[in-house]
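Visitor: Structure incoming, see below.
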Amino acid sequence: MFAFKLVNVGVAKRTFSSSATVANGVKVAVLGAAGGIGQPLSLLLKHNKSISHLSLYDIVNTPGVAADISHINTASKVTGYVRENDGLKLALTDSDVIVIPAGVPRKPGMTRDDLFNTNAGIVKELAVAAAEFAPKAIMTVISNPVNSTVPIISEVYKKYNIYDPRRILGITTLDVVRASRFVSELKGTDPSNEKVTVVGGHSGVTIIPLLSQTGHTFTDEELKTLTHRIQFGGDEVVKAKAGTGSATLSMAYAASCFVDSLLRAMVKGEKGIIEPSYVKSNLFNSDNIEYFASNVELSAEGVGKVHPLGKLSAYEKDLLAAALPELKKNIAKGAEFVANSKD
């Protein structure tokens, strides 16, 4: 673990030109860039014209990944760092957006929560470094279990007096990507025209697809089958890869979509950019649920507005009732991890 001396840093408002290009774009740091998600994600981000500097970090192999990606004929600069020689400090300094796909992948039979003991420590370590070297950056989190890792980062930031809930977002876009594809397969539509609202959390029963809001009608059997497939789509990939990995490519695609939407709001000043995200939310304060995924309007500060869920069907209300206790446990587990840490 890193042993950093931290200072209190005020969170200042960042402003970006509405006509920003690569010349005055943003620095995006990908932490875990040499991994199964990090490599394809970095490749996709190299095509984003709002990014002027793509900063890649991992414990091994990152200089090679950066050298490879840097040959792509788009304008952004690419740098790669490993742990040695202040690599994490260099990767993070002056970053506007941080994306964390770091961590171990799931294997057959594992749930996202089974990853907690390993990935919680990795995410905490990176959050401590971000607090030191990039306290004003918007933090976006892929590392599972997202239901717990977002609270981990929040609690670290609270310790160092830089916490701004608008600037910490869990990326749950893959649930929407999957749901849209699965619905389109069933209904014979163009998947790019489907966008299913998915709320709750980012694992198992905490994933709640609001299929009643799609404009389609489903039989009871279709609802149950679709819902289960959306909730446990990751298991489908883990099983198909037979122990060699998890949903890395689709996750990289989903994350790149989310980052692109965030940069459209940050850099270009576009309004009405709405993406699902697991964030600090007041939607279920009465149930003592501090974090919840729902449609979020993005802004230059990260979270602009958390949207309500809208009208739910009876089936979706039952899904919500099953999700909330599990979500509450996941959140508490993340917060307790930081509280019980020695450093």
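Our numbering is plain: 1 for the first residue shown, then up by one each step along the chain.
For all residues, glycine too, the Cβ spot is worked out from N, Cα and C.
When I checked TrEMBL for this same protein, it listed these features:
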ACT_SITE  His202  active site, proton acceptor
BINDING   Gly32, Ala33, Ala34, Gly35, Gly36, Ile37, Gly38, Asp58, Asn119, Ile142, Ser143, Asn144, Met251  NAD(+) binding site
BINDING   Arg106, Arg112, Asn144, Arg178  substrate binding site
DOMAIN    26-170  domain 'Lactate/malate dehydrogenase N-terminal'
DOMAIN    172-338  domain 'Lactate/malate dehydrogenase C-terminal'
Visitor: Under DSSP, the domain 'Lactate/malate dehydrogenase N-terminal' (26-170) has how many residues in helix, strand and coil?
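Guide: Across the domain 'Lactate/malate dehydrogenase N-terminal' (26-170), the residues distribute as 62 helix, 29 strand, 54 coil.
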Visitor: About how far apart, in whole Å, are the alpha carbons (Cα) of Ala34 (NAD(+) binding site) and His202 (active site, proton acceptor)?
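Guide: One finds 23 Å between the Cα atoms of these residues.
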Visitor: Report the largest Cα to Cα distance, in Å and rounded to a whole number, among the residues Gly32, Ala33, Ala34, Gly35, Gly36, Ile37, Gly38, Asp58, Asn119, Ile142, Ser143, Asn144, Met251 that the record lists as binding NAD(+).
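Guide: Farthest Cα pair among residues binding NAD(+): 18 Å.
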Visitor: Select the most exposed residue of Arg106, Arg178, His202, where exposure means the fewest other Cβ atoms within 10 Å, treating these as the recorded positions.
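Guide: Comparing Cβ neighbours within 10 Å for the recorded positions Arg106, Arg178, His202, Arg106 has the fewest.
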Visitor: In this predicted model, what is the average pLDDT of the domain 'Lactate/malate dehydrogenase C-terminal' (172-338)?
Guide: 96
Visitor: Using Cα-Cα distances with a 10 Å cut-off, which of the binding-site residues Gly32, Gly36, Gly38, Arg106, Asn144, Met251 are near the residue listed as 'active site, proton acceptor'?
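Guide: Cα filter at 10 Å returns Asn144.
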Visitor: Which one is it: of the binding-site residues Arg106, Asn144, Arg178, whose Cα lies the shortest distance from the Cα of Asn119 (NAD(+) binding site)?
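Guide: Closest candidate to Asn119 (NAD(+) binding site), judged by Cα separation, is Asn144.
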Visitor: Pick out which of the binding-site residues Gly32, Gly36 has the most other Cβ atoms within 10 Å of its own Cβ.
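Guide: Result of the Cβ crowding comparison: Gly32.
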